[in-house]
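*Asks:* The structure's right below; bear with me while I get my questions together.
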Amino acid sequence: MSSAPNDDCEIDKGTPSTASLFTTLMLSQPSSSTAVLQCTYCGSSCTSSQLQTCLFCGTVAYCSKEHQQLDWLTHKMICKSLQTSGMVPSNLMPQAAPAVMAPIPPTVSFDDPALTTSLLLSLQNNPILNQTISNFPPTFSITSKTEPEPSIPIQIPQRISSTSTVPFSSEGSAFKPYRNTHVFNSISSESMSSMCTSHEASLEHMSSASLAMFPTSSTAQSDISRLAQVLSLAGDSPASLALVTTSVPSTASTATIPPPATTTSSATSSGKSETITVGKEKIIQTDDPDIQIIETEGGSKPTVSRTRKRPTPSNSADPKINYKDHNKNVVYSTTLQEHQKHLQNRGLALSIHQAMVLRLRYIAEHVIRSLNEFGWAVVDNFLGSDHYKFTAKEIERLYERGLFSPGQLMEAKHKDEFHIKDIRSDHIYWYDGYDGRAKDAATVRLLISMIDSVIQHFKKRIDHDIGGRSRAMLAIYPGNGTRYVKHVDNPVKDGRCITTIYYCNENWDMATDGGTLRLYPETSMTPMDIDPRADRLVFFWSDRRNPHEVMPVFRHRFAITIWYMDKSERDKALAKGKESDAACASKKENDPTSSSLNSLIGSLLRPRKNPSTHDLSKLDLRLFPSTSSDPALVSAADEDRVDISADFQSTSSLAHPESTDSGVSLSTFNVAHNHMERTTSLQSISDHFRSERSHERRSSTSSDQDLDEGLPPPPSTNPEYYI
């Protein structure tokens, strides 16, 4: 091969293109015996022993490590494109400083059309290559002797016929190699030409002498012609296509350049639909970003329409889900005393009860925003430092009375006892005010009433019409490694829409005690760990948007769970259950072998087993009264109330007798007060909440926005942290 003349080394500024970049990087085969090498960054001539080749692609070389680091910002996009496209040979091993091998492009066989054209498209969309670079030194110059070189086979992907089936795979489909829709969707013909001009100007350092290294055989001319066809399908300009053929010495056979495919882009004024014509196939954009409609036009045949799904990487996230950073979900942690002090500083002298009601409104606003944006919310210091201690004592006292039973599963009838324990090993008790053994659990009743007060403000603020709730489920996880595997609370649409969990575990260490609530939100790429610390209340959607699990527990862990029901979904679930029960009853009646006596004997002889969680939730469901259009919380049962001879207690009744912290206790109660007096005060607070809510419902005429009018802004000194 004759050495390239000097005038050929200076290429026309208007002709370099993706074709020259492709042929220079991938198709040049210089002779290593007479090669004169230069540094890619500074252009200084060096011997092969002084140059350091790129360890990843082997296509560039540098005279020093500093020049390689300075040029990495420019080279890394091409280097990564070569690696991801599979263009780097497998025998390329990292070498510190090759002594004999010159830093020339490795020999690559372009038998795979997908790799060939995907490399072209990746180089065309390279943001670094689209920048105009002036007076950029050449990568390396080559002076070689005249010697024949073998031709490199290039295979061009064939056009898809109208009747062929479109294959799809995660690695690449038949549409991906040479018809990249992202290239044509957002650019017009003018912007395409300007992009090509800018792209061609950025490749001035590529020499046209590299094109003279192609052999002059007819096979090479055919390969170049087919290469030009690929570049035309990839969107290269006609000027750049001419560079591929005119720079090669012509022989008896002349390479012909096929006209570039007609690409037409039209959109309606509203911008909802977009039509792209490539050859005889027309791609119609749809509202769904994953679906396209392709119309193939034939001569006398009718138009054939088909739909196909755009290829997405198998390891990528679901494009339909809007993923968010859930670490930005702030925890509400303002205490009641801090809230009252903030109101007093603003000139609002409110009693402790008024401040508590106002604080519940602020909590509701925080929970509504977090649920609508992230699907879960966390509130700390919900009851207060004294109340949560008595909540834990009451749960432990109920556990010692034998009211708890092992937790069951909805599908427990299909599993053995050991399998159930392996999935769920907690002990639960459905709190019932009619149960005389749980009559002294006054703090639990106060907690339920306060959570109901928060839920009361959800009306017309979320996508569910809350019409009831379940009874409170008191759960204890014994500290012997018990757990609850990953699950969904409501996978079958039984009516539960919001799950609330209250923790009362004092001095909880997540590192040593375990018991973490691990939440898997639908819009989060990573799970969220919520430690069950004392006086923490957690809200999250009960459906498949929030799978969760309880990690192994190594210390007694107390939790109180309440599910709030969507009215329409719950009614449908109950109606479906009644239909199923009626079908089972009619089947038993039609069975001649069954009789009432046999059923009675069978029920007496059948071993009794604990009802499942689903059955208990059906039995213990408390629906809101349906006589009013506004949701009204359940009133306390007669058995839940405590006889109160005196009038409403003072504000000092909020503090427990055992409290010694002056910063928390707001009273001068005598320590000698017994537990019945404390129970009486808590019951009076609960009754006071119900009376205030009833008064608010009577005075309110619209939504919660009326209640928020005239409210002071939330405390600016709210201590916030991230989970």
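Heads up, the Cβ atoms here are built off N, Cα and C, so glycines get one too.
As the structure is a computational prediction, the values presented were derived from the model and not from experiment.
Quick paste of what Swiss-Prot says about this protein:
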- Cys39, Cys42, Cys63, His67: Zn(2+) 1 binding site (BINDING)
- Cys54, Cys57, His75, Cys79: Zn(2+) 2 binding site (BINDING)
- His487, Asp489, His548: Fe cation binding site (BINDING)
- Arg557: 2-oxoglutarate binding site (BINDING)
- 249-270: compositional bias 'Low complexity' (COMPBIAS)
- 687-699: compositional bias 'Basic and acidic residues' (COMPBIAS)
- 468-566: domain 'Fe2OG dioxygenase' (DOMAIN)
- 249-275: region 'Disordered' (REGION)
- 294-323: region 'Disordered' (REGION)
- 678-723: region 'Disordered' (REGION)
*Asks:* Pick the one among the binding-site residues His75, His487, His548, Arg557 whose Cβ has the fewest other Cβ atoms within 10 Å in this structure.
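*Replies:* With the binding-site residues His75, His487, His548, Arg557, fewest surrounding Cβ atoms within 10 Å: His487.
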*Asks:* Check the Cα-Cα distances from His67 (Zn(2+) 1 binding site) to the binding-site residues Cys54, Cys57, Cys79, His487 and tell me which is shortest.
*Replies:* Cys54
*Asks:* Tell me, by DSSP, whether His548 (Fe cation binding site) is helix, strand or coil?
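*Replies:* It is in a strand.
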*Asks:* In terms of DSSP three-state secondary structure, what is the assignment for His487 (Fe cation binding site)?
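*Replies:* Looking at the DSSP assignment, His487 (Fe cation binding site) belongs to a strand.
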*Asks:* Report the residues of the chain - excluding His487, Asp489, His548 - with C-beta within 8 Å of the mean position of the site's C-beta atoms, for the recorded Fe cation site, in sequence order.
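*Replies:* Apart from the listed residues, the neighbours are Tyr484, Lys486, Val488, Thr499, Ser542, Asn546, Pro547, Glu549.
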*Asks:* Excluding Cys54, Cys57, His75, Cys79, please set out which residues of the same chain place their CB within 8 Å of the center of the CB atoms of the Zn(2+) 2 site, keeping sequence order.
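*Replies:* Surrounding the site, in chain order, are Phe56, Gly58, Thr59, Val60, Lys76, Ile78, Leu82.
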*Asks:* Could you break down the residues of the domain 'Fe2OG dioxygenase' (468-566) into DSSP helix, strand and coil, giving a count for each?
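*Replies:* Tallying H, G and I as helix, E and B as strand, the rest coil: 4 helix, 50 strand, 45 coil.
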*Asks:* Given the binding-site residues Cys39, His487, Asp489, Arg557, which one's Cα is the least distant from that of Cys57 (Zn(2+) 2 binding site)?
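*Replies:* For Cys57 (Zn(2+) 2 binding site), the spatially nearest of the binding-site residues is Cys39.
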*Asks:* Taking only same-chain residues 6+ apart in sequence, whose CB is under 8 Å from that of Cys39 (Zn(2+) 1 binding site), what do you get?
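*Replies:* Those within reach of Cys39 (Zn(2+) 1 binding site), by Cβ under 8 Å and sequence separation of 6 or more, are Cys46, Leu51, Ala61, Tyr62, Cys63, Ser64, His67.
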*Asks:* Can you count the other CB atoms that lie within 10 A of the CB of Cys42 (Zn(2+) 1 binding site)?
*Replies:* 14
*Asks:* What mean pLDDT score does the domain 'Fe2OG dioxygenase' (468-566) have in the model?
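*Replies:* That stretch averages a pLDDT of 93.
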